[in-house]
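Undergrad: Handing you a structure now.
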Amino acid sequence: MKLSIPELQHSERPIVMVTAYDYPGGKHAEAGGVDMILVGDSLGNVVLGYDSTAPVTLADMIHHGRAVRRGAPNTFLVVDMPFGTYHTGATDAMRNAVKIIQETGADAVKMEGATTEILQVVDNLTRNGIPVVGHVGLMPQTATAQGGLRAQGKDDESARLTVEGAAALEQAGAFSLVLEAIPARLAKLITERLTIPTIGIGAGVHCDGQVLVTHDLLGIYEGEQKKIAKRYAEVGQIAREAIEQYAQEVRARQFPARENSFVMKDDVLDKLY
Ligand code: KIV
Ligand code: NA
């Protein structure tokens, strides 16, 4: 059963969120019983092979979001607004968010940041009935300007900006907030101050929920081991071994076996000879 926003907000137990990027990913997430699925623009890194999320387009997000929805029709679905699709004014942001909602069947959109401009966009979308998840701390879309992919909120200025941004996003109407790569105690403080649920990734155990990139947790994406992720399986290794075994069996004429082949009657065959 898909949870409603009030149910998510009043959840007695931690909210479980994972990313998904395609039909089987959506199916696995829903069958695994998560509370929310995120079609993250981490798509760029873990599925499309870019070295950042910046090249990901609206069309990419819609293409993958639709596939996830087909696999997970009964789970609360959030789709990331990609870089550049909510930075050119509230009208453009509204148009792009509507397109995402209409074409993917998502329940909400997510966007990074808490600048005056972003807060205006959040305010405008939520006033017009589009639920928004905020995202502060490490913000991969603009990580270059943040000094690279590194934890945020560690010094006075950055901690203050993160706390104020979180509060401002709640004020602007965000119904939930992702906290990425900030100290656990800062995430605890933000979680205590806000009414809306915080969903952490690399933000400690005190958040109201947790999100992980599925390709990290399954070991499908085997880039350098990230501190903020935990590998619960080695699917990449399993895939490699299976393909090696297939290759070996083809070369040894062990595959296809009898049970993989079709049979025909001898008399039909005899007429062909
Ligand atoms: O794109 C993504 O996967 C995300 C999560 C890490 C929160 O934004
Ligand atoms: Na993202």
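Here the Cβ of each residue, glycine as well, is placed from N, Cα and C on the backbone.
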Undergrad: Of Asp22, Asp60, Asp80, Asp92, which one shares the Mg(2+) site with Asp41, Glu112 in TrEMBL?
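TA: According to TrEMBL, the candidate sharing the Mg(2+) site with Asp41, Glu112 is Asp80.
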Undergrad: Between the Cα atoms of Lys110 (3-methyl-2-oxobutanoate binding site) and Asp80 (Mg(2+) binding site), what distance do you get, rounded to the nearest Å?
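TA: Here the two Cα atoms are 5 Å apart.
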Undergrad: Measuring Cβ to any atom of ligand 1 with a strict under-6 Å cutoff, which of the binding-site residues Asp41, Ser42, Asp80, Glu112 qualify?
TA: Asp41, Ser42, Asp80
Undergrad: Could you tell me the C-alpha distance between Asp41 (Mg(2+) binding site) and Glu180 (active site, proton acceptor) in angstrom, no decimals?
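TA: That separation, Cα to Cα, works out to 14 Å.
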